[in-house]
């Protein structure tokens, strides 16, 4: 068979002999035995031999250097690494900050464009703007404060002339006081000084009771004070319905208010 393989031209590799296999196994067993003999031996002897070898080589090479020299070399390495990391972080931050310029530029362009959005809207007329300001003032003002925009501009009906509580229609403060003066209600708190001129005066003792009555008329949850009611009367001085007289706690209605009040009084049914 061997000759036939040679004649056909195929390379021939002889199979391993039994002696070679036996030799390798014996070598492996011998090396394994030597390895375990080293492990199972006395560990102290090997440890002593190791430290003797290390001590011999270290002191022979570096015995000329002082001891503190090695400590300084070990303490210098970490700061050098930290400086390297910080330098790398600064470079990364510089690279990241560079592309942020275009978004800021576009943002400033958007802000500059914002006022143009309001231009197409038509401006409010003076009358409409004044009405919006009055409504906004009522929403922002405290609930107890009497504002000048509390009236709806309608002529008060007969049910409002005597300050009836719970009415759905609004009544202004000057009309409320005029109704009290003409009806004689709460005459201990307010009275005429000169009816023809429209001058009236509050009582220094009972003015708070009248203010409380006005708070109930408005539907306020908290108690109305004379100070807030007098503030509303001073606001009427700007529009002309009521003006302050130099005398203490004394005010005067305008002729227009007295005329409207006389017309409403004539509309009342006879008792």
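Our numbering is plain: 1 for the first residue shown, then up by one each step along the chain.
Even glycines carry a Cβ here, placed using N, Cα and C.
Over in Swiss-Prot, the protein carries these features:
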REGION    124-164  region 'Disordered'
MOD_RES   141  phosphoserine
MOD_RES   147  phosphoserine
COMPBIAS  154-164  compositional bias 'Low complexity'
DNA_BIND  171-254  DNA-binding region
BINDING   218, 231, 234, 244  DNA binding site
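Annotated features, which come from Swiss-Prot, shown on the structure.
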residue : record           : CB count, 10 Å
218     : DNA binding site : 16
231     : DNA binding site : 14
234     : DNA binding site : 13
244     : DNA binding site : 14
Discussion item. Return the average pLDDT for the DNA-binding region (171-254) as a whole number.
Written reply: 92
Discussion item. In the three-state scheme derived from DSSP, which category covers residue 218 (DNA binding site)?
Written reply: helix
